[in-house]
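*Asks:* What follows is a single structure, and I will ask about it in a moment.
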Amino acid sequence: MNPAQPPRAAICFYSYSALWVSPLRANQTLPPAGTRLLLLSVGCIGRNVLPLTRSMETRRKMAAKPRSRGRVLCWWPPLSAALLLLGCSPASAAASSSSCQHRVPSGGEVVYKVYLKENHVLKRNVDQKLRIKTIYDRSVEDLLPEKRHLIKNKLFPQAISYLEKTFQVRNPTGTISLSRQCATNQYLRKEGDPHRYCRGACAEHTRCGPVVVPEEHLQQCRVCRDNGHCGPAGLPDQEGVRDADFVLYVSALTTERCGQENIIAYAAYCQLEAEMDRPVAGYANLCPNMISTQAQEFIGMLSTVKHEIIHALGFSAGLFAFYHDDDGNPLTARYAEGFPPFNDSLGLYQWSNKVVDKAVRLWDIRGNKMLRHDVFLLITPRVVEEARKHFDCPILEGMELENQGGMGTELNHWEKRLLENEAMTGSHTQNRVFSRITLALMEDTGWYKANYSMAEKLDWGRDKGCDFVMKSCKFWIDRKKEKRQLVSPYCDTLRSNPLQLTCRQDQKAVAVCNLQKFPKELPQEYQYFDSLNGVPSEDLPYYGGSVEIADYCPFSQEFSWHLSGEFQRSSDCRIMENQPDPLKNYGAEKYGPNSVCLIQKSAFVMAQCRKKLSYPDWGSGCYQVSCSPKGLNVWVKDTAYLCSRSGQVLTVSIQMNGWVHAGNLICPACWDFCDSCPPERDPPASNVTRALSIDLCSCSSSLVVTLWLLMANLIPLLTGFLLCVWS
């Protein structure tokens, strides 16, 4: 008897303008109506929407067919469910959206050369911990209590604690008092006077992004009249912000950007001090409707807040021209008035080639062709050193900056292809980490010293060599195939229906290869495949990875489940709240801090007497592991299976919730998870198969109990009957 298939999820593959829905695959009891699983790649604060995978005509025909509502699958960048606003009902359409957009503030939004009293910047002494003072706007107080608590008591305190432990600053000894903005955005400077004077009048309100700066944080207004007289006007200098190196104004305003870009948060700097050009004030705005208080999403949201504050502190193309060397000298030459040249086309101050430089890569594409591929690299000393060490490439000129996604993403982030899950790349796909490379950049601004013990481990690209970091992913994939090796960290498995599940590169989450068909041919420099199983040669130019800013290179990506548009759980094995419903836990999985992703050799089957169920999407799952002197133990429910060697097949059969769960798992390498491991060996015969011999019909404990109760009730009746007969 073949196992029956359980309720099958309808899977929405999002496109730039429409979607395709696959049919349900079983007529059994369906999950709750409106349950969906969205397949998306989300930007650090927005979305990269997956392209179309079926023609409009095909989708029209499919939409015309009646179908039940079911589950839908979504690439999960574990950020915020609030990011995923698009409905995914079978007949709905999805709009496109962009990746992370860090907008460089315009000239009118930033005050440069802010004079701070007693601000004797210590150019060589960097032993002062960074102090960030958070000022919450009234809009935060107006939020629902649970969102206000999340922002004020969890997100920002934890993000700022991390940054203060990670960076030291060349510290101003005085109080931060911010300069007032000018009513006409026109100002003058007098020789020998550190203040700036507004032409005509100061602005009624001084803003830092969308936030009105409190009066008590401002210096006195200084103006130059039409008659040539210049001097102070209005209230004297206020008290300012004491004991701070950076003032962060936090708001929760529904701004135009929130409505247009579907983002959860954005941030930037607004005032730079005079001596070292270091940002001393900035803002972070959270879009109220995009904030989620679900526990599973906290880690992703915290990462986003850190990411945005780092933009405000220094990682911004608008600040590259203001970086200094270790001696406090500008890395970009200044004009007489103290400013670098301005690039009108980019709308920012132009950096020198001591900070960012251009390079040309020889770029392999399909058809045995090679193109010239232009890249921009950040080439400051520590970044070069850390990038070379990370990739094990001694000739690497610097760390590549993002070259796609528009000006808000380009140049303001690391190249996604090379540092996929580094937190300062331009889209949030999975498991963000702040690596030594990002800390090196912040140190190379000349404003901070980094505590590298706070850097998080980045596996992507580690020790892959110059071929990985200086050539296209086609070159890497082809060379690995020639040697019959895994093409990791890339993948070349076409996304299928049902899905073929795998593990994320770090084995901490269930994932799917995001190789897919696009509605249009990809740009020639991103056409990588000479052949794909089941794909006609004329269609190959349409295939690539779903994340554009990763240069369309395909990689395995985690995902999440949604119900009626609301986030339910992600595929991250470490998050306990991701544990599936017991009646839908086909693979007997266990999510939690000690869980990892393991490859399944076969689909798990749930059996109960004559019933058998298997889930069509299989290939990996989350299971607890532990280390012992004998090696790595894999736990399924309460049963431990010893892995004696990598690649060993574990035959699993356990009883859970009145069902027998049976399947096969493949052992990972012990050294992937344990600090000490015995030599690999063949497993003992008793350990080859740990399957329990379970009679499928005896698994119904309720039936057994019922029979015993019936017999127990019959005994007194029979006894009474026999006594009556005897008498």
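Using N, Cα and C of the backbone, Cβ positions are placed for all residues, glycine too.
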*Asks:* Would you identify which residue of HIS195, HIS205, HIS413 TrEMBL lists as part of the Zn(2+) site it also attributes to HIS307, HIS311?
*Replies:* HIS413
*Asks:* Please list, in sequence order, the residues in the chain of HIS311 (Zn(2+) binding site) that are at least six apart in sequence and whose C-beta is under 8 Å away from its C-beta.
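*Replies:* Sequence-distant Cβ neighbours: HIS102, ALA267, ALA268, ASN412.
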*Asks:* If one measures from the C-alpha of GLU308 (active site) to the C-alpha of HIS413 (Zn(2+) binding site), what distance in angstrom results, rounded to a whole number?
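*Replies:* About 11 Å separates the two Cα atoms.
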*Asks:* Sort HIS307 (Zn(2+) binding site) into helix, strand or coil using the DSSP assignment.
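*Replies:* Its secondary structure by DSSP: helix.
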*Asks:* Taking the Cβ of each of the binding-site residues and counting other Cβ atoms inside 10 Å, which one has the highest number: HIS307, HIS413?
*Replies:* HIS413
